[in-house]
Amino acid sequence: MAKEIVGGFKFDQRHGKERVQVARVWKTKQGWYFIVEWRVGNSLLSDCVNSYVRDDNSDIVATDTMKNTVYAKAKECSEILSVEDFAILLAKHFISFYKQVTAAIVNIVEKPWERVSVDGQPHEHGFKLGSERHTAEAIVQKSGALQLTSGIEGLSLLKTTKSGFEGFIRDKYTALPETHERMLATEVTALWRYSYESLYSIPQKPLYFTDKYLEVKKVLADNFFGPPNVGVYSPSVQNTLYLMAKAALNRFPEIASIQLKMPNIHFLPVNISNKDGPIVKFEADVYLPTDEPHGSIQASLRRLWSKL
């Protein structure tokens, strides 16, 4: 927030445009189409305090102008680029184009359009909607200082065995039985902050951040599931979350910190009886899926040298 002392009070302000929907299509010389669909939010920290305390809008960048800028900059992108690179591009524009703007915050959620295959062949121009969403946030200061965060929303993971929960606190309110055999399901939200601290330090390789996103997603999923034939036992969501986050930091030195949110989405054993006896006897086979209420587990790991 842009901070001022106004009328004897501390005053913080910023303004922007949220939920700007934009899609961009590219066609290669070989005839292949590519598409991205983004939901963009812009927020500017600027010297426009007079618009709040006086009848003076002369320092305001109109939010409608911010919306139009999203489309104009998308039009200028002649080459396919990552969601992170587009966020940085927008933020750089705002801090350089407007002398009043001291910092820009751009956050984007990418809709997961995936190329389809027909008869075993990738389709040149056909796409289907996937599930998890790629997110990015770029905070760029007038000085060129950068904070870049990537993330995943809605990564649904489930394993039907190799999970348990034992040894927890028991008291007069506890009804949950201990178990060493249960289903484990979650919907991962992940945020990781890169260690790049300026616009001049980010990699210039095309689609670098898209590739990194796919690699981080794979590491998180692989450590949730374990090896394909034997899996890995999870004594709690907490332990699994920690091991997933630790694996990401160990694998990617360019990541300074990572935060994971992993709700424990319950699949309840089904036992149904009447006066004549069992109708359904649970034998690790029939469950009642329920997403409310659910356990809420989250944690973050950061490197000791990280200033974040």
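We count from 1, first residue shown onward.
Backbone N, Cα and C define each Cβ position, glycine as well.
The active site, charge relay system feature in Swiss-Prot is assigned to LYS17 (among others). Mapped onto three states, the DSSP output places LYS17 (active site, charge relay system) in strand.
Marked as active site, charge relay system by Swiss-Prot: THR63 (among others). According to DSSP, THR63 (active site, charge relay system) sits within a helical segment. Taking a C-beta cut-off of under 8 Å and a sequence gap of six or more, THR63 (active site, charge relay system) has these contacts in its own chain: HIS15, GLY16, LYS17.
As annotated by Swiss-Prot, active site, charge relay system applies to HIS266 (among others), with the evidence given as similarity to another entry. Around the Cβ of HIS266 (active site, charge relay system), 18 further Cβ atoms fall within 10 Å across all displayed protein chains.
What Swiss-Prot records for THR63, ASP64, PHE165, ARG182, VAL237, GLN238, ASN264 is urate binding site, and it gives similarity to another entry as the kind of evidence.
Rounded to a whole value, the Cα-Cα separation of PHE165 (urate binding site) and HIS266 (active site, charge relay system) is 13 Å. Taking Cβ-Cβ distances under 8 Å and a sequence separation of 6 or more, the neighbours of GLN238 (urate binding site) in its chain are ILE297, ALA299.
According to its DSSP assignment, PHE165 (urate binding site) is in a strand.
Note on ASP64 (urate binding site): other Cβ atoms within 10 Å of its Cβ, all shown chains, come to 9. Using a 10 Å Cβ-Cβ cutoff, LYS17 (active site, charge relay system) registers 20 neighbours.
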